[in-house]
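Take this structure, written in structure tokens, and hold onto it; I'll ask about it next.
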Amino acid sequence: MGEYVKVGNLQVAKLFYEFMNDEVLPGSEVNKEKFWKDFETLIADLTPKNKALLARRDELQAKINEWHKEHRGNFDMEKYKAFLTDIGYLEPEVDDFEITTEGVDEEIAVQAGPQLVVPLTNARYALNAANARWGSLYDALYGTDAISEEDGAERGDSYNPVRGAKVIAYAREFLDQAVPLKEYSHKDAVQYAVVDGKLVVSVEGGSTTTLKEEEKFIGFQGNPENPTAILLKNNGLHIEIQIDRNHPVGKTDKAGVKDIYLEAAVTTIMDGEDSVAAVDAEDKVLVYRNLLGLVKGDLTSTFTKGGKTITRALNPDRVYRTADGKEITLPGRSLMFVRNVGHLMTNNTILDANGEEVYEGIMDAVVTSLIMKHSLLGNTRYLNSRKGSFYIVKPKMHGSEEVAFANELFDRVEDMLGLKRNTIKIGVMDEERRTTLNLKNCIYQVRDRIIFINTGFLDRTGDEIHTSMEAGPMIRKNDMKTSVWLQAYEKSNVTIGLAAGFQGRAQIGKGMWAMPDMMAEMLKQKGGQLKAGANTAWVPSPTAATLHALHYHQVNVAEVQNELRKERKDYRDEILQIPVAVNPQWTPEEIQEELDNNCQGILGYVVRWIDQGIGCSKVPDINNIGLMEDRATLRISSQHIANWLHHGICTKEQVLETLKRMAKVVDEQNAGDPNYRPMAPDYDNSVAFQAACDLIFKGYEQPNGYTEPILHRRRLEAKAKYAAVQQ
């Protein structure tokens, strides 16, 4: 642990104290002395409440464990529901209401589109994500498996015109679907021009045509008769046809089209939670400093690619002229949210009056809000919100009393920083069972500031397993995806969100496509999330955002939501169906296959987290398919093995043998990484391997099955160990 400064009754890490005083507070219109005094008061007031909420989690879990032990073999759903109601796990539902959130940006309230999630510890990734508001469709198609490599269309080191032709044909087909012409096809176009306020398209043979729906033409760049860009709009998202007859692609195109740019990631979650490994003041300052750079617009990242030095910075806005000569400006960057941590963890960046670590969620709320305040005061190169709001995603809350606590925290932060009430908007992750079952009540507690609810398979299943740990052995992990409770959870989230008036006001989000290399498959499947009522869904990369944007042109989300709003089904009984395997008949091979898969996934993620502080990366699975993993993958996998161990489906010796065997596989998969520390054969001396063992063998007693306590402890151990070796 580094040096501390005594500030009132707080002890504040010197590194963090200087960062706040020198970089964050100046220009914030918040007095330095008052800030630290108010911060101390806030910590003193809210710490006991935070502790009480965590104690309540443990109390409920203990009662549920006992109930399952007493009723093993004679489970009765009605008795189970009555029990959950008696202990306050199932809350009495509030009356119908609609949210009243005001000052919400169009990217949330009006536009349906992809959402990126990116670790704040990596400046380059964060900048790429912020800039993924617009993406090249040609690049996204050419560089991925979205276009097959059959018939001579291979991706190679140099440009392949056969592949290029397939890309162009695909893109023209997309234009014909999204912005069709009255007659002919975009494939026939030889020129795009603006004549008498309309987009006029000349085709081969001398004929001209216009758009079938002329209102989809928004503007252009360049001269009307020879524009360099045509701006169109469909289902609320923009499309930019770029024209340059001197460009290598443009000069081979009849109409001179060099590319088609799509409005893609309309929102991005800058993440300080599950995709980062931030365990001390040094890490937290990196998270906060990168956020400050993004908000102020001065963050840059310099790196070498192909022998060239490249500097990334935020993209400027895009300016066009409308048909009647007016200028319009569109944002060049994604609207940024920031994800804080949940209520569980503490961090040694600040020690309170009792010398105890402060709750990280309280610290995050104060610091990220103060950073975002700069965008309201105009201390920034670019505007993030045009409505004077900022957006904090709050994860891993259990039930409405925890959401009410987040609301109280945000109220207090607004008062402390001189912000109008409900300036801080909240996104509530629906990823814990008690929140799912009481979602309407959770939303009610933040009805004046909520802008987002979201489902996620991994964390939610982790909590499902842990909550019902004593109910019996769980079904296999892959079978969870088609289980009754999970389908009901996904539908219930949409139904409750729409009934609470989210349409036109807030986002209803769906989970991550975790396979960034499998874009053809994503194009086939991910549109289903929009048909299920989502108006945003998570993607793992800017390229994936561009391709996922195609789904929003194919599916009119507003129409889907209009239909779904008519449904008012209560899914609670289905959500309560515990995914326990009834008389499992798994063969030894099937059990081993499940263990191999889970152990390999745990080790592949943990080894980078513990040894290198990487909280999100493309981790090869057991079949060498790259999966974009964050901490949620650990929770489901470690809890699944812990459950099977607890019920005797496998033995500790078998799991340990599997871990050791899989460690060798993971070592091999990472052989090309010069910073990698192998786990085999000295398993006892590998902090990462020991962390993986802890996650499984101590999984039963982890609070709600969370992985953070073990990860943080082991990462701090690894940092100290490797620092000592370097000295």
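Yeah, the Cβs are placed from backbone N, Cα and C, and that goes for glycine too.
Owing to the predicted nature of the structure, the values given are computational and were not obtained by experimental measurement.
Relevant sequence annotations retrieved from Swiss-Prot are reproduced here:
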{"type": "ACT_SITE", "residues": "R339", "note": "active site, proton acceptor"}
{"type": "ACT_SITE", "residues": "D630", "note": "active site, proton donor"}
{"type": "BINDING", "residues": "R339, E431, G456, F457, L458, D459", "note": "glyoxylate binding site"}
{"type": "BINDING", "residues": "E431, D459", "note": "Mg(2+) binding site"}
{"type": "MOD_RES", "residues": "C616", "note": "cysteine sulfenic acid (-SOH)"}
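Please go over these features one by one and say how buried each is and what sits next to it.
Using a 10 Å radius centred on the Cβ of R339 (active site, proton acceptor) and all shown protein chains, the other Cβ atoms total 25.
Within the same chain, residues at least six positions away from D630 (active site, proton donor) with a Cβ under 8 Å of its Cβ are V117, D274, S275, G615, C616.
Within 10 Å of the C-beta of E431 (glyoxylate binding site) we count 27 further C-beta atoms, all protein chains included. Taken residue by residue with DSSP, E431 (glyoxylate binding site) is part of neither helix nor strand, so it is coil.
Look at C616 (cysteine sulfenic acid (-SOH)): DSSP puts it in coil.
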If you measure G456 (glyoxylate binding site) to R339 (active site, proton acceptor) at Cα, how many Å is it?
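Checking the Cα atoms of G456 (glyoxylate binding site) and R339 (active site, proton acceptor) gives a distance of 15 Å.
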Can you name the residues of this chain that are 6 or more positions from D459 (glyoxylate binding site) yet have a C-beta less than 8 Å from its C-beta?
D274, P395, K396, M429, E431, E432, A632, R635, I636
How big is the Cα-to-Cα gap, in Å, between R339 (active site, proton acceptor) and L458 (glyoxylate binding site)?
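L458 (glyoxylate binding site) has its Cα 17 Å from the Cα of R339 (active site, proton acceptor).
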Would you mind pulling the longest C-alpha to C-alpha span across R339, E431, G456, F457, L458, D459, which the record has binding glyoxylate, in angstrom?
18
Tell me the Cβ contacts of L458 (glyoxylate binding site) under 8 Å, same chain only and six or more apart in sequence, or just say none.
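Non-local contacts for L458 (glyoxylate binding site): G511, A632, T633, R635, I636.
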